[in-house]
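Following: one structure in structure tokens, then a few remarks.
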Amino acid sequence: MVMNTDLAPMIDRLTMSSGGNVNVYIWDVDETLILLRSLMDGTFARSFSGSKDVRRGIEIGSNLEQALLQISDDTMFYEQLEELNEPTLQSLKEYDDGRDLVGYDFGTDDFSSLPYDLSNRKKLAYRHRVIAHRYSQGLNNFLDESKIKEFDDLYYATDRYTDGWLSSAATFLKELSSENPMEKNVHVLVTNGALIPTLAKCSLYRMDDVISHQNVYSSSEVGKLQCFKWIKERFRGPNVQFCAIGDGIEERKAAEEMRWPFINIDMKLRGGTNRFPGLTRKTLENCIALA
């Protein structure tokens, strides 16, 4: 992995200095905005003390996993990139020479993970550029109608089974992102999962129109604290406040290290925790205000 530490595009700094308050919400992904692991291992169903069909939840989780792998492989080069995880799609931007990729044959360019030399870094940067474009365009531009329907049906089945967790989380992000001349809310994802499958999750779980690819970070090689530090540097400004939201110990400890407020997500709603549906804008605003 070669990390370009300048992950602060000029647009972010201009935005931060444009006046008004800026709230940067740093979200965990799995078991926070989406559910997957707890479906696959039955944890979600068992938390309802028998009122949920455990086998049905496991079946849905398995179908989600297969859909995510298919999206990752078919639209995001994951078969080629599985061993080449980067923190963001911008990590290797300095190696991209801007070549026109129309007609470029990614199957015959002799790309390889070894040796990890300048030539292969450039080819990896090309792939990252294409992934960013496809992510921004949305899955509907790259899948046929039958596959779109299959993924839509899976999304709705998952949402019904989880009592609206997915749609509630997606709607919550959109509501926070609504235009407000006095305040700007920015959503950033930091996951300990690999980058490409996380981008696939954003697409499948309908968050790609709210969370840009520039705002998706994989901490698997560098840790969440390092990602939090990059995010603070990227969005630094006099009126910027940060808040981390997740279900894990690592993000909680990283938030404490950064002296950021932390909101704990827990499907079982154990003392002082939140979940979807249920988390409110007021909860986030109060947390930031108290900090």
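Along the chain as shown, residues are numbered 1 onward.
Positions of Cβ are set from backbone N, Cα and C atoms, glycine also.
Under the DSSP three-state reduction, Asp247 (Mg(2+) binding site) is assigned to coil, being neither helix nor strand. Summarising the annotation, TrEMBL assigns Mg(2+) binding site to Asp28, Asp30, Asp247.
TrEMBL lists Asp28 with the feature active site, nucleophile. Residues within less than 8 Å, Cβ to Cβ, of Asp28 (Mg(2+) binding site) and separated from it by at least 6 positions along the same chain comprise Leu189, Val190, Thr191, Ala244, Ile245, Gly246, Asp247, Gly248, Glu251, Ile265.
In the shown protein chains, 18 other C-beta atoms lie within 10 A of the C-beta of Asp30 (Mg(2+) binding site). Residues or ranges marked as active site, proton donor by TrEMBL: Asp30.
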Give the number of CB atoms, excluding that of Asp247 (Mg(2+) binding site) itself, located within 10 Å of its CB.
19
Residues other than Asp28, Asp30, Asp247 within 8 Å, Cβ to Cβ centroid, of the Mg(2+) site?
Val29, Glu31, Thr32, Leu33, Thr191, Gly246, Gly248, Glu251, Ile265
